[in-house]
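Trainee: Sharing a structure with you now.
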Amino acid sequence: MMIAYFVFWLIQFPLLMIHPSKMRWLFFIKSVVAVIAAFALLGWAVHTGGAGPVFAQKAKISGSTKSWAWVMGINVAISGKTTLALNISDMTRYGRKTSVTYWQLLFIPVVYWVFSFIGIVVASAGQSIYGTLYWDPTSIIALWTNRAGAFFCACAFGLATLGTNISTNCIATSNDLAFIAPRWINLRRGAALTAFIGGWATAPWKILASATSLTTFLSGYIIVLAPVVAIMIVDFWIIRRTRLHVPMLYQNEGIYRYDYGVNWRALATLIIVVPVNLPGLIHAINAKVDIGNYSYFYKASWLTSTFIAGSVYLILNLVSPPTRTLVNEEPTLYDPENIKDPDAADLEDAIPEEKAQQEPEHPQR
């Protein structure tokens, strides 16, 4: 599996050197071929083995065990979408207008639901056909005797994986690294670092070795990402009431620098909340570590981390409001009075001077 990953990595790496704004063609093509391949696989599965036992089989668990299984399933499903919630702005920034984000409200939930449904039905049909429950559709494709069909379907899923990996993983990380150290890192260097360090240090071939290892991985990183999402939501919607001074976001010494470049309220929230679910993560990795009923708390790690982080961050801001960073009203570019603490930064120096617009000279008649 590592060899296959290495070949895929070699194919993907040159594409990482292309600017995201010029990759629209790839994302469009992969969206089209992925849909065609998914429905083709669904059609074959239902035609060959029917829908399988998924719609007729009875539950093998009941009571609290069933309830906690639902909670854990919801937790894992949301975990996979949290990265998208954090990184979506790295893609929408290339949109020509803000309205391009509105379509995501419709398409993202629908697309995820449709593909999840297809995966469930294909796995169920595969169990009827081959007698084994395969959680990975590519494992079913590998069993096909029709080489042409297997080749084209596998290529479609490979292209879909490539495009998704670039858009949801590499572009976001490249932007973050370039923002942290813009003097040394640009988007291309950030993409290269992501490909070499992130692409190999995480050992993806081990993560995809089984369904259990995949769900453990998804539930693992969420104990950090969920608090970050909660902090962002509370900060923007409650603390700032959706009011930001956009030019100041790009000033190194602006009002959003906080104390030595660190928002201590957010940092304190992470320090408090992240360790809460660490025992559950350790138990998920090594079941021999007994944590008692605390394991149930970890099954809802996204919900618990989000709620606790949001509450802690809100309390810290109420106790010690970030007055210097609050905007009284919707600011204009040349209105320093919109900042509660005008001495926090020199807005006039931070904003480039407006170039004088000269009236075109009309020829004399």
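Cβ coordinates come from backbone N, Cα and C, glycine included.
TrEMBL feature annotations, pasted as is:
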type: COMPBIAS; residues: 352-365; note: compositional bias 'Basic and acidic residues'
type: REGION; residues: 329-365; note: region 'Disordered'
type: TRANSMEM; residues: 25-47; note: transmembrane segment
type: TRANSMEM; residues: 67-88; note: transmembrane segment
type: TRANSMEM; residues: 100-124; note: transmembrane segment
type: TRANSMEM; residues: 144-166; note: transmembrane segment
type: TRANSMEM; residues: 187-205; note: transmembrane segment
type: TRANSMEM; residues: 217-239; note: transmembrane segment
type: TRANSMEM; residues: 266-285; note: transmembrane segment
type: TRANSMEM; residues: 297-316; note: transmembrane segment
Trainee: Would the transmembrane segment (217-239) count as touching the transmembrane segment (144-166), i.e. at least 3 C-beta pairs under 8 angstroms with sequence separation of 6+?
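Mentor: When sequence-distant Cβ pairs are counted, the transmembrane segment (217-239) does not touch the transmembrane segment (144-166), since fewer than 3 lie under 8 Å.
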Trainee: May I ask which of the stretches 67-88, 100-124, 187-205 has the most CB pairs under 8 A with the transmembrane segment (25-47)?
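Mentor: Ranked by Cβ pairs under 8 Å, first place goes to 100-124.
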Trainee: Contact between the transmembrane segment (67-88) and the transmembrane segment (297-316) is defined here as three or more C-beta pairs under 8 Å separated by at least 6 residues; is that satisfied?
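Mentor: Checked: the transmembrane segment (297-316) vs the transmembrane segment (67-88), in contact.
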Trainee: Please determine whether the transmembrane segment (67-88) and the transmembrane segment (217-239) are in contact (criterion: at least three Cβ-Cβ distances under 8 Å, sequence separation 6 or more).
Mentor: yes
Trainee: List, by number or range, the same-chain residues at least 6 past the transmembrane segment (100-124) whose CB is under 8 A from its CB atoms?
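Mentor: Residues 38-39, 41-42, 45-46, 51-55, 77, 81, 84, 88, 92, 133-135, 137, 140.
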Trainee: With a Cβ cut-off under 8 Å, give me the same-chain residues at least six positions beyond the ends of the transmembrane segment (187-205) that come close to it.
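Mentor: Cβ under 8 Å, 6 or more out: 1-2, 4-5, 9, 12-13, 16-17, 19-20, 169-171, 173-178.
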